[in-house]
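**Q** Dropping a structure here in structure tokens format, bear with me for questions.
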Amino acid sequence: MSIVQLFEVAIACDVVLCCRVAPLQKAGIVDLIKKRTSDMTLAIGDGANDVSMIQMADVGIGISGQEGRQAVMASDFAMGQFRFLVPLLLVHGHWNYQRMSYMILYNFYRNATFVFVLFWYVLYTGYTLSTAINEWSSVLYSVVYTSAPTVIVAILDKDLSRRTLLKYPQLYGAGQREESYNLRLFIFIMVDSVWQSVVVFFIPYLAYKNSAIDSASLGDLWTLSVVILVNIHLAMDVIRWTWITHAVIWGSIVATWICVIIIDSIPTLPGFWAIYEVMGTALFWALLLAVIVVGMIPHFAAKAIREHFMPNDIQIAREMEKSQDSRDANQPEVQMSTSTRA
């Protein structure tokens, strides 16, 4: 059989079992699929003769059994029995795809929004080296202001329960169809970040244009607006809320306020006392509210339209879960009332 014929037979199959072949031949079949298609490959083995195949595949799984631990040591994931492959792919694989897809887009969005605000200020100042946002705030933006929510949501958030994913294995196809991460979503998130940066920069700038407020006070308002916006954006997309999620998202906003106040309370740093000059005015709070409302309109509208008029399989399954949970919660009450009548 030629390589072309072998390739045609391989792509016509969902699963290829390599029995009684040399280790290099197993790896060669995986390499053949990787070079001639754009599909991701998964290799599973339990012995030393499967090591080359496992290392060649995009994802390698080693089975720990009587054949030794050579395959396990060379794999990306290890398990004790083949039956664990189903929850690994359908449950943990789906969760990982959903989290990673969203976090990649979200990290591009939160960093782009902050950078675009700095970009508009550079245009306003004629490409000078001055900046309205304190250098400490620029450093702390990715370290303190927005880091904890990103980490916690990436670890704890789940779009569907384990029971639903195992009951409907077709939901795994969402990752194969690239529904959560694609070029269209990336372009939309970048357009949204540009819109929010424009709102954050120009609404306060136009409001304070003819006032005596300095650039440091405006910089504090811009910093607080960006941090609140990106955290509310994340909060709108969180699916499974826990007390840890509440603590890190709203706590990050509180931590930003505290840090800005501390930074502006140090006499040796630029912008000393700037936050106190604007925080005591009603215009400051009105502008902060206006920026949040106007900035979130596109994301809120797109999310509402997508979920109510163009739901995908994941959204439909999530609504089924909620309906089932509601029925389960009401069932004990029905039984209790029946026993009472009896």
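Cβ coordinates are placed from backbone N, Cα and C, and glycine is handled just like the others.
What TrEMBL records for 320-330 is compositional bias 'Basic and acidic residues'. The feature compositional bias 'Polar residues' is assigned by TrEMBL to 332-342. The annotation domain 'P-type ATPase C-terminal' is assigned in TrEMBL to 72-312. Annotation comment: TrEMBL describes 320-342 as region 'Disordered'. Residues or ranges marked as transmembrane segment by TrEMBL: 108-127, 139-156, 185-207, 219-236, 243-263, 283-302.
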**Q** Is it the case that the transmembrane segment (108-127) and the transmembrane segment (283-302) touch, counting contact as three or more CB pairs under 8 Å in which the residues of each pair are 6 or more positions apart?
**A** no
**Q** Quickly jot the same-chain residues contacting the transmembrane segment (185-207) by Cβ under 8 Å, restricted to those at least six beyond its ends, or write none.
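**A** Distal contacts: 105-106, 108-109, 112-114, 116-117, 119-121, 124, 218, 221-222, 225-226, 229, 283, 287, 290-291, 294-296, 298-299, 302.
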**Q** Using DSSP, what's the helix, strand and coil tally for the compositional bias 'Basic and acidic residues' (320-330)?
**A** 11 helix, 0 strand, 0 coil
